[in-house]
Amino acid sequence: MEGHSLFSILGIGLSFMGLFVSIYYLTGKGFRDDGYFWLYIVIALIGLELGHKTFLLSKTFYEMPFLYAPGRYYNLMLYPSLLFLVWSLMDYRPIKKSWQVLIFLVFSITGIRRLWLIFSLTRADKLSILEKFYADTRPGPHDYWMNLSTLTKSTVIPIAMLVIITFFFYKLSKGHEGKPNKRLAVILLSVIVAYILFSFSNNLIYKYLYKLTNVSLIEWPVDIVFLSLVTSFLVCIALMVNSGSQFFPPLKYTSSALDEKRYPALLAQIIELVETEKLYLDQNITVKKIADRLMINSKYVSQVLNHHKGTTFTNFVNKYRIEEAKKLIDGSESKSLTLEAIGNRAGFYSKSSFIKAFKRLVGKTPGQYLKNSNPNTFTNPY
């Protein structure tokens, strides 16, 4: 019983965490696709499945029968969600998003029908079903493959998914271009494969572990441990991609066609253009102007600076402008120039923006710097 309590604490805790994280990001983003929409859906569905199994093991449904509905009603919704997650990772769009939602709803019919049992079954009916379930004295785990419906969900659908996943792994192994999040794709595809393989082989795992332990209902602790691991891993990924971790690409670049391998070369081109033609002196310089000169997508310029260089376009340009301003302050003409004039010559469009940027990057105001000015050569900020 004590062992079951530990499994229950683990399952309930991680089920709640998965549901909280998925709902938080889905609602916080207004259910818009930020590149990881289907990841949040998968976390929610696995969290529900984990909670359902944990409530069965801990007999919590006895205390809260209003939550109970017989059957595992999240599985079918999970498979199309996994498929759409793979598509989004690989930037593969064979069908429109509206069709993805429609397919998801079709797969959800079974789940919705079973979910309706929560409201349609009486408390007495639910308790009766639970009592029969726990009174089962069969030796060893239930043979889920004896049921055609369960067999289909446990074998046919996972095999079909494995074929699809194998195809995408093949594309990755061939050096699939156009995804800066290749690392993330490999990790998540591996997790999905692990889940599908477990779904395919869990019946054999249950029987093997029962022979070793002779523990009745061994399938529930096994499922809880596995789903807890998957939930923890996916939640960590969701938190990392939303926290700006450099290990994974920022959200806005998940569907970019620019490969990470091109970052250094493209950054070198940007720096050479800006330095050679002193584009930072242009008060109206924009990402688009630089992109047009390099004949590339303006999003790629921002992506290289944000994701690879770890800075914004404004800060990138302002560092050059500050060095130019310091050069002017240290020069012989500084006595005849106002701070506003120095800022304008350096490329700032206003005195306030000049002072603010100078203080942030140098640690002192232009006036304070002027008082301690020494002749200095132009320093390349990059």
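In case you wondered, yes, glycine gets a Cβ from its N, Cα and C as well.
Annotation source TrEMBL lists transmembrane segment at 6-26 (among others). Sequence-distant contacts of the transmembrane segment (6-26), counting only residues of its own chain at least 6 positions beyond either end whose CB sits under 8 Å from a CB of the stretch, comprise 36-37, 40-41, 43-44, 46-48, 50-51, 53-55, 57-58, 60, 220-221, 224-225, 227-228, 231-232, 234-235, 238-239, 242.
Marked as transmembrane segment by TrEMBL: 35-52 (among others).
Taken from TrEMBL, the feature transmembrane segment covers 72-89 (among others).
The transmembrane segment feature in TrEMBL is assigned to 101-119 (among others).
Look at TrEMBL and you will find 155-172 (among others) tagged as transmembrane segment.
TrEMBL lists 184-204 (among others) with the feature transmembrane segment.
Per TrEMBL, the feature transmembrane segment maps to 224-242 (among others). Within the same chain, residues 7, 10-11, 14-15, 17-18, 21-22, 25, 36, 39-40, 42-43, 46-47, 49-50, 53-54, 57, 184, 187-188, 191, 194-195, 198, 248-251, 254 sit at least 6 positions outside the transmembrane segment (224-242) and bring their C-beta atoms closer than 8 Å to a C-beta of that stretch.
Positions annotated as domain 'HTH araC/xylS-type' by TrEMBL: 268-372.
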Summed over the domain 'HTH araC/xylS-type' (268-372), the DSSP helix, strand and coil counts are 80 helix, 0 strand, 25 coil
